[in-house]
């Protein structure tokens, strides 16, 4: 959520920056109308309440003196009705303004490339050499099915499309990656491990920006009005909702493993085979709470921490600086890390690393004090995948495949695989 005072005094500047996102700003223009009416109603209500208090004192004096106060009493009844009507209108206007503020996306950072679509994203850097195969490489779903380590067909029978059973060495590989990533981020990168709830309430989904705009993308448990988490970012960020932190606590860095659940409502017909786009998948998420002046340095570190996973796995990748039209709703600046997938003949996203500045913290009311009695300020929040496990499995299967259909296990994972070197 944007700062309403900043928006009020910089309306045209904010509007121009949001236009770089390619957003529909039809409702945005209502801000000035609603904000002005809200302030008018506040003034009118306070004036009437002040008058009511004054006249109430006059009525008390008249009654003590046993004088006629009927005319003033009638006047106060009218004032009371007016106050009631104004309060009702004010409540409606404030609800409309709140809904509008929750629907306005974050302002892009000045360093984000200006553009409209993913075609305008900029390659920031690449790492590793794309492997040239002496044979036609197979897609990971064929490799895994032939090896008996993934079962999409039975998962479809048990649940439906976009689900999978991991079996044998496939399940062990998934578990190995989770442990490897958590060990790396906690032991070497300084994150604290968190195992979060997989269900959250509506306030949590609103705090991180999934609601109200993207409710159709979420799995909701209607009986409780809970949501299955689309990412550990939601519960972990909301750990500190409605809290005031001390500056000495910052930066806070969490690494959280969780399963993630997404309806993929807008992805019909895309990536229908394999692990790239599942309704349920595992992920290690990195979440940070930092002082505002440190957030862009922390964004660079966040991306480096996520990249380190791919470097140790020796998987070629590139880092994309996302343009203003492809930032998503909540980010001020975002890097996508994309790993090479041979069967696609291109790079595919395996991590998004974002700086939300105070956007989420304002929605979730997460603040800190620089001094013990100082005025609370909003923290800046960041998060990034470190990494998406299923897509990492897909990248390993395809990049490490041999002509006979076996898979060489990356050296760094072998201690987690019981010393095994090959999946066959």
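Each residue, glycine too, has its Cβ placed from N, Cα and C.
Note that this is a predicted model, so its numbers are computed, not measured.
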- Note on the structure: According to Swiss-Prot, 231, 232, 233, 385 bind L-serine, and the residue from 174, 285, 293 that belongs to that same site is 285
- Query: What subset of the binding-site residues 262, 263, 264, 350, 351, 352 lies within 10 angstroms of residue 385 (L-serine binding site) at the C-alpha level?
  - Reply: 350, 351, 352
- Just going by other Cβ atoms within 10 Å, which of the binding-site residues 231, 263, 351, 352 has the emptiest spot? 263
- Message: When you rank 231, 232, 233, 285 by Cα distance to residue 264 (ATP binding site), which of the binding-site residues ends up on top as the closest?
- Response: 231
- CA pair residue 351 (ATP binding site) / residue 285 (L-serine binding site), Å rounded to integer, equals 9
- Between the Cα atoms of residue 285 (L-serine binding site) and residue 349 (ATP binding site), find the distance and write it as a whole number of Å. 15
